[in-house]
Amino acid sequence: MAGKLGVLLLALVLSLAQPASARRKLLVFLLDGFRADYISDEALESLPGFKEIVSRGVKVDYLTPDFPTLSYPNYYSLMTGRHCEVHQMTGNYMWDPDTNKSFDLGINRDSRLPLWWNGSEPLWVTLTKAKRKVYMYYWPGCEVEILGVRPTYCLEYKSVPTDINFVNAVSGALDVFKSGQADLAAIYYERVDVEGHHYGPSSPQRKDAVKAVDTVMAYMTKWIQERDLQDDLNVIIFSDHGMTDISWTDKVIKLDNYINLRDLQQLKGRGPVVSLWPAPGKHSEIYNKVRRVEHMTVYAKEDIPSRFYYKKGKFVSPLTLVADEGWFITENRESLPFWMNSTVTRKPEGWQWGWHGYDNELRAMRGIFLAFGPDFKSDFRAAPIRVVDIYNLMCKVTGVTPLPNNGSWSRVMCMLKDPASSAPGAPPCACALVTVLLVLLAILA
């Protein structure tokens with residue numbers, strides 16, 4: 001009797017130990033600056049590629065980014081499931097007073113130092129450490145050695161990828177999936193963000209950029225079928241933030257009108273969020289001057305709202321300036337960000353007309369999330385999610401155990417065909433039951 005009971009208990013233990021879902025391949029798209037309403041129900045009527053994806057998969061109402069609603073902080077929140085103050089990538093421009101090193105939009109040599117990147121482990125590092133094969137195309141940071149690890153393949157971002165680059169990346173990613181060379185492929189596309197900055201979020205140029213993405217999405221769904229990948233490949237599409245209109249004629253805050261810039265030890269960033277390090281002995285003077293400036297809010301580090309999940313960041317400055325929506329903070333008029341024309345002369349052609357970085361609860365800062373594939377429901381609309389929630393979902397469909405994170409599994413589990421399945425990794429109740437059963441087996445032995 002004991003022997004039969006032991007066999008039954010062993011079978012139960014083994015069944016509980018199995019992963020909740022089969023491990024499948026994952027293709028991820030990061031569409032920079034793609035605002036939620038760019039694929040509203042009305043907009044989808046003229047976007048057949050996205051419309052097909054929505055009908056075949058999951059679409060959330062909107063995605064709330066982390067504060068600040070800038071690119072690098074949200075790149076890392078997406079891939080770690082952690083808020084900015086946890087993973088430490090707190091801006092597009094950062095400064096470390098201890099080493100006098102700067103992170104400048106990832107383009108300067110010091111931006112590749114482990115100092116900025118080793119605060120958390122992104123998904124591609126976790127997968128690579130697990131001997132999984134990762135291919136990344138233009139993804140910012142894939143060229144950096146993080147925690148001693150690089151992905152299997154990184155096509156480094158050096159300039160804005162063209163539409164042809166994007167098409168080739170999608171086709172190449174599907175080819176390496178088909179040949180068994182990749183378990184995860186991640187593709188970054190920037191044109192929607194670029195056109196939104198240059199011409200504004202409602203401009204024809206921005207709309208043309210979305211249509212260009214839509215065309216590639218339509219080809220992608222066709223190519224997946226042609227390569228017979230539809231039963232083994234999940235696709236997840238998200239953005240890092242939205243975009244809002246800005247005005248250069250009457251909504252610019254020039255700091256040199258209020259403070260002596262020589263009283264600053266360091267200044268980083270311009271636009272919606274600016275970081276100030278006052279010179280020794282100048283903190284109170286600078287604070288009292290800038291806090292009277294209209295159309296922006298000034299926070300001492302300890303007073304930053306907790307809902308931003310920002311103030312505990314290692315590289316957060318003593319004073320943070322946050323502009324009202326549509327306003328732009330800069331050192332002086334000479335520092336306004338002209339954009340260059342495409343002619344040989346490369347002369348400044350005009351000011352930019354769109355920006356992001358504002359309060360993450362603003363409607364214009366909302367991003368997108370779409371997913372389809374064998375693990376996802378079809379024609380399913382989900383409630384809003386937050387940028388940190390996506391990490392757990394990616395871990396789930398790739399079959400890896402997530403690291404500790406700030407995401408909510410309850411907000412994303414409804415998207416899966418098997419919503420009753422456990423969160424990534426063994427659920428606590430199952431783990432406890434397995435332990436009890438193992439003890440019983442030991443007693444019966």
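Heads up, the Cβ atoms here are built off N, Cα and C, so glycines get one too.
For 1-22, the entry in Swiss-Prot reads signal peptide. Here Swiss-Prot flags Asp32, Ser71, Asn92, Asp193, His241, His356 as substrate binding site. The feature phosphoserine is assigned by Swiss-Prot to Ser71. What Swiss-Prot lists as active site, nucleophile is Ser71, and the listing cites sequence analysis. Swiss-Prot lists Asn100, Asn118, Asn341, Asn406 with the feature N-linked glycosylation site, giving experimental evidence as the kind of evidence. Under the heading disulfide bond, Swiss-Prot lists Cys142-Cys154. Taken from Swiss-Prot, the feature GPI-anchor amidated serine covers Ser421, and the record attributes it to sequence analysis.
Features recorded in Swiss-Prot, as mapped to the structure shown.
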{"residue": "Asp32", "record": "substrate binding site", "Cβ contacts under 8 Å, 6 or more apart": "Ser71, Tyr188, Tyr189, Glu190, Val192, Asp193, Ser239, Asp240"}
{"residue": "Asn92", "record": "substrate binding site", "Cβ contacts under 8 Å, 6 or more apart": "Leu70, Ser71, Tyr72, Pro73, Leu105, Gly106, Gly269"}
{"residue": "Asn100", "record": "N-linked glycosylation site", "Cβ contacts under 8 Å, 6 or more apart": "none"}
{"residue": "Asn118", "record": "N-linked glycosylation site", "Cβ contacts under 8 Å, 6 or more apart": "Ile146, Leu147"}
{"residue": "Cys142", "record": "disulfide bond", "Cβ contacts under 8 Å, 6 or more apart": "Trp124, Met136, Arg150, Pro151, Cys154, Leu155, Glu156, Tyr157, Ala186"}
{"residue": "His241", "record": "substrate binding site", "Cβ contacts under 8 Å, 6 or more apart": "Gly33, Pro65, Thr69, Leu70, Ser71, Asn74, His356, Gly357, Met365, Gly367"}
{"residue": "Asn406", "record": "N-linked glycosylation site", "Cβ contacts under 8 Å, 6 or more apart": "Gly81, Arg82, His83, Val86, Tyr309, Val388"}
Around the Cβ of His356 (substrate binding site), the count of other Cβ atoms that are within 10 Å: 31
Substrate site, defined by Asp32, Ser71, Asn92, Asp193, His241, His356: further same-chain residues with Cβ within 8 Å of the Cβ centre: Gly33, Thr69, Leu70, Asn74, Asp240, Gly357
Cβ atoms near Cys154 (disulfide bond) (within 10 Å, other residues, all chains): 19
